[in-house]
Amino acid sequence: MEKMAMKMLVIFVLGMNHWTCTGFPVYDYDPASLKEALSASVAKVNSQSLSPYLFRAFRSSVKRVNALDEDSLTMDLEFRIQETTCRRESEADPATCDFQRGYHVPVAVCRSTVRMSAEQVQNVWVRCHWSSSSGSSSSEEMFFGDILGSSTSRNSYLLGLTPDRSRGEPLYEPSREMRRNFPLGNRRYSNPWPRARVNPGFE
């Protein structure tokens, strides 16, 4: 009797472990959709950057996938970007361009939310900040109105990147209502970074 009870207990525990370890994916997305979403995110950055060079992504990952309906979803991506040797006017595919080399070439960390329908990109929101490991922590980049510029003379450009956050702090896209309350200009934005004026990000 005791052996039977012990056997039932073992089966119960193993069964509980099985159900807690297995899970249901939020959405069984096609890898091609991920590639399309990443390409659209990089294209959004390059379309709003004032750098003379194109940016290219690397170290990308999917953070979340939400199914909106049978044919629509949103993807939250995180990736890093760096300037390439291709100039903007070349209209080249950034994925085919070589990265610029050198210790002082900065790296930016970006998060994007991409809405897709019928495997086609509908909307893209991207927000980036300079990586603390890239050596781009100058005070000029902490002011509102700085836009993603070139690594050699980016202070001559308006940089659209927010000041760097701590690695463990999440990065969120402000809502439209928040941006209405804090219009473009020299007004300070209430945030955890002292003396920093924050850009609402790429949109």
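Note that the numbers count up from 1, one per residue, in the order the chain is shown.
Using the three backbone atoms N, Cα and C, a Cβ is placed for every residue, glycine included.
Feature annotations, courtesy of Swiss-Prot:
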- 1-23: signal peptide (SIGNAL)
- Cys86-Cys97: disulfide bond (DISULFID)
- Ser90: phosphoserine (MOD_RES)
- Cys110-Cys128: disulfide bond (DISULFID)
- Ser138: phosphoserine (MOD_RES)
- Ser139: phosphoserine (MOD_RES)
- Ser166: phosphoserine (MOD_RES)
- Ser175: phosphoserine (MOD_RES)
Long-range Cβ environment of Cys110 (disulfide bond), under 8 Å and at least 6 residues apart: Ser41, Val45, Ala57, Glu78, Phe79, Arg80, Ile81, Val126, Arg127, Cys128
Cα-Cα distance linking Ser90 (phosphoserine) and Cys97 (disulfide bond), given in Å to the nearest integer: 11
C-beta crowding around Cys97 (disulfide bond), within 10 angstroms: 18
Secondary structure of Cys97 (disulfide bond) (DSSP, helix/strand/coil): coil
Neighbour tally for Cys128 (disulfide bond), based on other Cβ positions within 10 Å of its Cβ: 26
